[in-house]
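Step one of this worksheet: look at the structure below.
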Amino acid sequence: MDKLIITGNGPLDGEVWASGAKNSALPILAATLLADEPVTIGNLPHLQDITTTLELLGRMGIEPVMGEKMSIQIDGSQVRDSHAPYELVKKMRASILVLGPLLAHFGTADVSLPGGCAIGSRPVDLHIRGLEAMGADIRVEGGYIRARVDGRLKGATIFFDTVTVTGTENLLMAATLADGTTTLENAAREPEVVDLAECLIAMGAKISGHGSDTIVIEGVERLHGCHYDVMPDRIETGTFLVAAAATGGRVRVRNTRADIMEAVLSKLEEAGGKITSGEGWIELDMQGRRPRAVNIRTAPYPAFPTDMQAQFVALNAVAEGTGTVVETIFENRFMHVQELNRMGAHIALEGNTAVVTGVERLSGAPVMATDLRASASLVVAAMVAQGETLVDRIYHIDRGYECIEEKLQLLGARIRRVPG
Ligand SMILES: CC(=O)N[C@H]1[C@@H](OP(=O)(O)OP(=O)(O)OC[C@H]2O[C@@H](n3ccc(=O)[nH]c3=O)[C@H](O)[C@@H]2O)O[C@H](CO)[C@@H](O)[C@@H]1O
Ligand SMILES: C=C(OP(=O)(O)O)C(=O)O
């Protein structure tokens, strides 16, 4: 297992680019299963989760064609087998996103149940209930979701009890080929849902209301090919900006968007960062100052994203004052706290709340990455720690951060990967 070795090296300074968004690329790759012509997806990030998705599509009979500038062409009409096996789903929960498209296009889908993961139990009951409301016959047996429909799915009005991102995406995709109109109420408003909807529209789908909590989809008989570029990754962008803030540095992120990051940017300003932005870039300048601790409460978009919580815990750990961080989305998303405390942080955990009292300096230590954003928080902490930190199990970080060590090296970090 590869490891990262990081030595605190003072303020980060420089420019870096954001990759395409993982959480947008994954549903968009699944959406290509709906078309009966080749779809070309551009600005795909080079990530382990993308490789896993391509392997999954490959098992179904698809032969992806690599194009220029990280683009891939996928022909959904090549599907011969609508089966997503456990050995791939267990590597990546987002594999559940093939359920809706396979069922809507081919009338059958056998997708392994994803099960829980390090951050929580993460059930998929709302995906299943929504598809049943659209006329699917679904049985859960042997660890698999076996879904069938005679003819086309039927439009329905579906109310989500809980706001779910991939649940909204699965039903949105399924509804594009359903007979009649589907209304998704209490739908997720995340920018990645909007990006997926825009891609589906480019494929010929009829969708309105995406970006609000009510999405209306008028089913069509078929979807066609298109070229679509994935939006920039707002979580990767936010992670670089937090790293700048924690180290007292100045970082400009290019190929990104400020308009979808308001909650995060306003917390970074509260922490003392001077934020400027323009067409396709955001800069944070701490002017050498130590950050101030901030209070955070995670919630669905447009509120503060749970995927940035761990990085802000690391920021608070070296900030002036005490910050309270409340996690309301996932019941177990504080695995980084123990590891940060091993580096000298003062974090008290009670239920879904972490009270973080900043210290002047953390100290390097061997630490273990437990999930994707927990890994990012350890990398941020290591860059402000005295001495050397060894971050183990970095396969988690490779799921979501493209060329993490190269990008941070560009900003002046002392970070290297050692094969293990
Ligand atoms: C690939 C992708 O886009 N992943 C993101 C997506 O995950 P994901 O889509 O899996 O997360 P959800 O939005 O579905 O989860 C939100 C909450 O709803 C609950 N729930 C969800 C579905 C369901 O059927 N029943 C149920 O109870 C979950 O346990 C959780 O407590 O949104 C999360 C919340 O912004 C992000 O952290 C993930 O990075
Ligand atoms: C939790 C995340 O991803 P996933 O839903 O793919 O596990 C994440 O991106 O932080």
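Backbone N, Cα and C define each Cβ position, glycine as well.
Taken straight from TrEMBL:
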ACT_SITE  Cys117  active site, proton donor
BINDING   Lys22, Asn23  phosphoenolpyruvate binding site
BINDING   Arg93, Arg122, Pro123, Val124, Asp125, Leu126, Asp307, Ile329  UDP-N-acetyl-alpha-D-glucosamine binding site
DOMAIN    7-408  domain 'Enolpyruvate transferase'
MOD_RES   Cys117  2-(S-cysteinyl)pyruvic acid O-phosphothioketal
In sequence order, those recorded positions of Cys117, Arg122, Val124 whose CB lies under 6 Å from ligand 1: Arg122, Val124
Between the Cα atoms of Leu126 (UDP-N-acetyl-alpha-D-glucosamine binding site) and Lys22 (phosphoenolpyruvate binding site), what distance do you get, rounded to the nearest Å? 22
Taking DSSP three-state, what's Lys22 (phosphoenolpyruvate binding site) in: helix, strand or coil? helix
Around the Cβ of Arg93 (UDP-N-acetyl-alpha-D-glucosamine binding site), how many other Cβ atoms lie within 10 Å? Please give the count over every shown protein chain. 18
Rank the binding-site residues Lys22, Arg122 by the number of other Cβ atoms within 10 Å of each Cβ and report the first-ranked residue. Lys22
List only the single closest residue to Lys22 (phosphoenolpyruvate binding site), chosen from the binding-site residues Arg122, Pro123, Val124, Asp307, Ile329 by CA-CA distance. Asp307
Quick note, Asp307 (UDP-N-acetyl-alpha-D-glucosamine binding site) and Cys117 (active site, proton donor): C-alpha atoms separated, nearest Å, by 15
Hey, which of the binding-site residues Pro123, Val124, Asp125, Asp307 is the loneliest by Cβ count within 10 Å? Asp125
Can you tell which of Cys117, Leu126 has the most other C-beta atoms within 10 Å, given these are the recorded positions? Leu126
Among Arg93, Arg122, Pro123, Val124, Asp125, Leu126, Asp307, Ile329, which the record lists as binding UDP-N-acetyl-alpha-D-glucosamine, how far apart in Å are the two most distant Cα atoms? 22
For Ile329 (UDP-N-acetyl-alpha-D-glucosamine binding site), which residues in the same chain are close in space, meaning a Cβ under 8 Å from its Cβ, but six or more apart along the sequence? Thr298, Ala299, Pro300, Thr306
Near ligand 2 by the Cβ criterion (under 6 Å), the binding-site residues from Arg93, Arg122, Leu126 are Arg93
Give the distance between the Cα atoms of the residue listed as 'active site, proton donor' and Val124 (UDP-N-acetyl-alpha-D-glucosamine binding site), rounded to the nearest whole Å. 13
